[in-house]
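Single-structure report; data block below.
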Amino acid sequence: MLRARPALWAAALTALTLLRGPPAARAGAGTMGAGPVVRCEPCDARAVAQCAPPPPSPPCAELVREPGCGCCLTCALREGQPCGVYTERCGSGLRCQPPPGDPRPLQALLDGRGLCANASAVGRLRPYLLPSASGNGSESEEDHSMGSTENQAGPSTHRVPVSKFHPIHTKMDVIKKGHAKDSQRYKVDYESQSTDTQNFSSESKRETEYGPCRREMEDTLNHLKFLNMLSPRGIHIPNCDKKGFYKKKQCRPSKGRKRGFCWCVDKYGQPLPGFDVKGKGDVHCYSMESK
């Protein structure tokens, strides 16, 4: 019984590892120059016991560990055979490389259209790669797991370095700059709106009479700031006079072609007797609205 294949995001990180060219030098604990770490579950005795028997030696020239976080053994791919993120690993001294001149090398590895080639023949990837740092002397754990038999069943940690893929690197910089510019613009707009709201509240508090209608209107506007969607059907903004009290005529918003109904209230918002709250058509409130 074979273990499950790795998740798609782990596969994408593995593909970026395949494209990064010569391995970066490691110092100390081996974390310098490394990117995100994908930690796999340990290949204990129970996990190994679930593996099917390894293929016989005559057909397989070399046995390697399964791709990703697999613990079982499988046949290694020979030089020139198709390979990719989800296929078996290449044999010792080989590395899965995208076809020369492919405009989308990362997608080629995800689709299994790569080729097992000599690990030292990195010149084929030179058009796609950034210049690597000098002093590269040892391969990372991911290189061993992708192209050799040294990484067998056991606890494994795939250390995925930062991508050296030039087009992705350039596009990511452009995207990050765009996001930073949008975030700054949103911050300025938000601070401006917050300042306007604070000024409005300060001016209203300085008024001699702070009526109930004005308080309801401010509560409604403050509530709208936290809504993701604005639906005029469920929102009622009261009709207030200059002193913050209710005007005689209050109306609901229209719903498409259907006009909203109106009703009459006193200065405190209480419906006046003798007027249908859901009356249709124009409602003429007695005692003209206060100016």
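Here the Cβ of each residue, glycine as well, is placed from N, Cα and C on the backbone.
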Swiss-Prot annotation, disulfide partner among CYS40, CYS43, CYS96 for CYS69: CYS40
Among CYS251, CYS264, cysteine joined to CYS262 by disulfide in Swiss-Prot: CYS251
Disulfide-bonded cysteine for CYS51 as listed in Swiss-Prot, from CYS43, CYS60, CYS72: CYS72
Disulphide bridge to CYS71 as given by Swiss-Prot, partner from CYS43, CYS83, CYS90, CYS96: CYS43
Nearest of the disulfide-bonded residues (CYS60, CYS69, CYS72, CYS264) to CYS116 (disulfide bond), judged by Cα-Cα distance: CYS60
DSSP-assigned states of the domain 'IGFBP N-terminal' (36-119) in counts, ordered helix, strand, coil: 11 helix, 23 strand, 50 coil
Between CYS262 (disulfide bond) and CYS285 (disulfide bond), the C-alpha gap once rounded to whole angstrom: 10
